[in-house]
Amino acid sequence: MVLEVVMDLMQPHLMASIVNDGVMRGNLGHIGMTSIWMLVAAILGTVGGMGCTYYAIRASVGFGTDLRNALFRQVQTFSFRELDRFPGGTLVTRLTNDVMQVQMLIQIFLRMLIRSSFLFFGSIVMALLISPKLSIVFAVTLPLMFLLLYLLLSRSIPMYRNLQGKLDRVNSVLQENLTGIRVVKAFVRATFERSRFKKANEDNYELGLKAARLLAVNNPAMTLLLNASVVCILWIGGAQSWEGALEIGSLAAFITYVIQTMNAMVSLGNTLVNISRAKASSDRVNELLEAPVSMEESPVENHHTTPAPGRVEFRNVSFGYEEGGEEPVLKDIGFAIEPGQTVGILGSTGAGKSTLVNLIPRLYDPTEGAVLVNGVDVRDIPLEELRGQVGIVLQQAILFSGTIRDNIRYGKPDASQEEVEAAARAAEAHDFIAAFPEGYDTVIGQRGVTLSGGQKQRISIARALLTDPAVLILDDSTSAVDLRTEARIRSALKARMAGCTCFIIAQRISSVAEADRILVLEDGRIVASGSHEELMASSDIYRDICESQLGLEEASHV
Ligand code: DUT
Ligand code: MG
């Protein structure tokens, strides 16, 4: 860049030499020589410019790539709490659009900002060298120029920052619609969504137009100022040249330097606008990078390894999603489950069942009290080890794009075909998988769209079974499976997971009636606990639930 700018600064100087020493004195040889020098300077300048562009792009693209990697790494360290704070949509925007903006900024910075500042100061120095007297013009034009720029920037910078917010809005409406497009269609809300998008899009357009108008007024004003100063220079410089104090070629070069100075200022202004625009993006990127990760691994000296099998204990556990304030979701939960026992958890929707089991593999940390596995606080067990021992089937079955086999062995990538098949059989998934023409090699779409809800649930159960966990948690994992299949899964599980501690969350009494222990959760508290027979004898709440389901399809079974 320095090479390009120096060559740019040389050109008017060489031009002046051609006029002064060549044209005015009729020296054809000098004209030829100097022209060649001008050509050489132009070529050198171009080479410098190309080199600068290449390295600027290389640096900025490399920076963008590193930044995206760093962000991705950061997101991977997030616990569920941070994931709640940054929903998927904004993560995508931040990792793509915002990183892109910052990347552009680096490039602009490396090229335009450096070029403009060098050109600005260089041209002033060159002009001073030609005629200190004429340079007085700068004393008038520069302050005026700064004033104009100040007016422009002070008004356009907030506008552009706003514009980034409008763009965010367009992106988030788009994002929401893409993920929810099926719901939009099912409720015939396309017209509404279209107008919502149109509104966000037009807001963006209008603000963009307003900012552009500001620039449209500014540029002619700058040009006016520029032309006025050229007239002044011609006026004063013309008189000097008449008196022989200034050669005509030098006057022409001087004017060129003034024009370069002013152009550099205009592009400096534009660069500043761009920078302020990218500032919004870089703030958003930083917010993500600097988000404190709430779930720290405890120091190594506190670490305990827990030999399987899994004994699970809750000691006076309370938990709230919002820190402080709000009423907690779980209140003073206490129970202990011996290895190999099966626990059923019942409770109306929103009672806190999923929240409770999520504390076992430490997807969240309790606000008060402690969760213990084999007598050790889960916070003192290395995360990887803990989660290796606790297999959880989350309430919402999420599969990855890829083959069914790869999905099942997600937690144990080196599992053999026999192991995969055995897990699939226990989850009652083998038969429908084998019925696909390509069997376990069947590729499923991005969210497993080619499978039914019950099929997805069974594949996620197989995925959890394959890792042979000491503690298995099924969070309403058979809700989309018919009763007969569910009963078969239950007996297969009993055979396969003998000795494993199981937590089964369910809505149907029949799913948990055989459990060693049933916990009934209501509004974040355990209101009844015991085996089916004990609860039938002692708990009104449990009997109520039973009676509401008895007489329905499950009566015979229970
Ligand atoms: N909740 C949150 N944030 C979350 C998840 C849940 O605030 O990320 C609230 C909603 C509800 C309570 O916690 O009031 C308990 O939710 P949970 O998902 O534990 O309820 P559930 O018993 O599993 O309900 P369902 O049977 O509908 O799965
Ligand atoms: Mg739930």
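Any Cβ shown, glycine's included, is placed from N, Cα and C.
Taken from TrEMBL, the feature domain 'ABC transmembrane type-1' covers 1-277.
Among the features that TrEMBL reports, transmembrane segment is placed at 36-57 (among others).
Positions annotated as transmembrane segment by TrEMBL: 108-130 (among others).
What TrEMBL records for 136-153 (among others) is transmembrane segment.
The transmembrane segment annotation in TrEMBL covers 214-236 (among others).
Residues or ranges marked as transmembrane segment by TrEMBL: 248-269 (among others).
Marked as domain 'ABC transporter' by TrEMBL: 312-548. Confidence in the domain 'ABC transporter' (312-548), given as mean pLDDT, stands at 89.
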Whether the transmembrane segment (136-153) meets the transmembrane segment (36-57): three or more C-beta pairs under 8 angstroms: no
Non-local residues, at least 6 beyond the ends, that sit with Cβ under 8 Å of the transmembrane segment (36-57): 1-4, 7-8, 10-11, 14-15, 18, 106-107, 110-111, 115
Folded-back contacts onto the transmembrane segment (108-130), same chain, C-beta under 8 angstroms, at least six residues removed: 1-2, 4-6, 8-9, 12-13, 16, 52-53, 55-56, 59-60, 138, 250, 253-254, 257-258, 260-261, 263-265, 267-268, 270-271, 274-275
